Amino acid sequence: MSNQYEFFVECAPGGDIEKVIEILKNTMTYCSVVSRNGIHIGEEEDKFIPWFPLRIRDLDKYANQVMSYGAELNADHPGFTDPVYRARRKYLTESAITYRHGEKLPHVNYTEEEVKTWGTVFRELTKLYPTHACKEFNHVFPLLIENCGYGENNIPQLEDISNFLKDSTGFTLRPVCGLLSSRDFLAGLAFRVFHSTQYIRHHSKPLYTPEPDICHELLGHVPLFANPAFAQFSQEIGLASLGAPEDYIKKLATCYWFTVEFGLCRQDGELKAYGAGLLSSIGELEYSLSGKPALKEFDPEVTGNEEYPITEYQPTYFVAESFDDIKEKLIKFAKTIPKKFGVRYNPYTQSVQVLDSKMQLQELANNISSDLQILRYSMNKMD
């Protein structure tokens, strides 16, 4: 094994790439193609792998390829006719576009009006958290106040929050200028990276936003990324998405919608909210626990095919028993995704390894064996 090497080659071909690949296949132990443009190896279409990032810095390649919002606003957006607001949005989105992995996260000097808008949302939501949010959320939230500057009169900075999350679960934040595609957004989770906006909703409607904004990201999403079980579940969704066919990306994105965004869970015989879309919306947080909407048990096979509205309250919510429960269900579902390879995240190099050769599987087995030895040694010391 010591005389075998693995090569990863990035190219922007202008010639007959399929012919080159055929030559490589005949001289290499194995050869796989990862492409965003739909390249196939001859007739073997099942050998084609949709492109996905292999290193954390690869997230730079698509961070500015947003599908909607950012600097552009729809005509029905509350800030559409406000030139000052639109100029501010343009400034913040340009800051996100130029960001590269490894740099310090952009510091934003929020205006008095922006802080006032944040304060209104913060004040109303924190009245509901003790009775409506799950216990994991309520455990972390005071820590964010203490360590990251969360408060009614201050909008926290992404850099401070990212450092806190990294110390807690290894998750980090990076700025984004708008809505990413489902494939690109989920891929970030595989690296324990959450793409966060930095702009805020329009001041004329502080309790409404048609898009994710800083209130949604920091109040809805961030707290639970500091919880180890939730962080692991989120990463499992991301890892399952890497190289998955488009129809399964849609299913995974739908599972994400009904869990990370709009999930409910049972705790001590009561329903509690853990979804960010609920925890950042006063109206829907109350509605979701009112007994009016339909409730279903979370099952990826069922949940992944559920239709849902994006501009009104959800008619149906899916209920989880625990974060570990939905993680195990998702791992089981991921095994049904038609991929001829596995993936493994290496936290030391912050990279993803595609497991599609005996050599790679042997290396993984060796690492597992080493970890088991540490486990046995530690258990013996406890006897």
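Note that Cβ sites are derived from N, Cα and C of the backbone, with glycine treated the same way.
Curation does not apply to TrEMBL; its annotations are automatic.
Keep in mind that what you see is a predicted model, and the values were worked out from it rather than measured.
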Of the candidates E159, E261, E270, which does TrEMBL annotate as part of the Fe cation site that also includes H216, H221?
-> E261
To test your reading of the Fe cation site: which residues beyond H216, H221, E261, same chain only, put their Cβ within 8 Å of the Cβ centroid of those residues?
-> P212, E217, G220, V260, G275, A276, G277, L279, S280
H221 (Fe cation binding site): tally of other CB atoms within 10 A of its CB = 21
Other C-beta atoms that fall within 10 angstroms of the C-beta of E261 (Fe cation binding site) = 20
